[in-house]
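Pulled from Swiss-Prot:
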SIGNAL    1-23  signal peptide
DISULFID  29-86  disulfide bond
DISULFID  40-69  disulfide bond
DISULFID  48-79  disulfide bond
DISULFID  67-81  disulfide bond
C-alpha cells in the first residue's frame with residue numbers, strides 16, 4: 001500500500017514538472033502598423049520601433065525588429081514593425 005501511494009505521488013509530481021520548467025511565452029503578432037505625427041527620420045532606424053513600443057504598456061526590452069517608416073500626407077508617417085510581441089490585454 002505504501003509503495004502504491006509513493007508511486008502515485010511520484011507520478012503527480014513528475015506530471016507537474018514540465019509545467020514548472022517551461023517559461024510562459026508571450027504571443028507574437030504577425031505585423032504591427034500605426035500612424036504617427038511627424039516625418040520619417042532617415043538617420044534613426046529605431047524611430048518606429050520606439051514609437052510603437054511607447055504606445056504599449058509593457059512589451060519588455062527588445063531589439064528593433066524589421067521596422068520601416070513610410071511618409072504619409074499631412075506630415076504623418078506610417079510605422080510598420082513585424083514580429084513585435086502583442087501588447088497584453
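Using N, Cα and C of the backbone, Cβ positions are placed for all residues, glycine too.
Cβ neighbour count within 10 Å across all protein chains ranks 48 highest among the disulfide-bonded residues 48, 67, 69, 79. Minimal Cβ crowding within 10 Å, among the disulfide-bonded residues 40, 81, is found at 40.
Checked against residue 79 (disulfide bond) by C-alpha proximity, the disulfide-bonded residues 40, 67, 69 yield 69 as the nearest. DSSP assigns residue 40 (disulfide bond) to coil in the three-state reduction, outside any helix or strand. Separation of the C-alpha atoms of residue 69 (disulfide bond) and residue 81 (disulfide bond): 9 Å, rounded to the nearest whole number.
Between the alpha carbons (Cα) of residue 48 (disulfide bond) and residue 40 (disulfide bond) lies a span of roughly 9 Å. Geometry remark: residue 81 (disulfide bond) versus residue 40 (disulfide bond), CA distance 14 Å.
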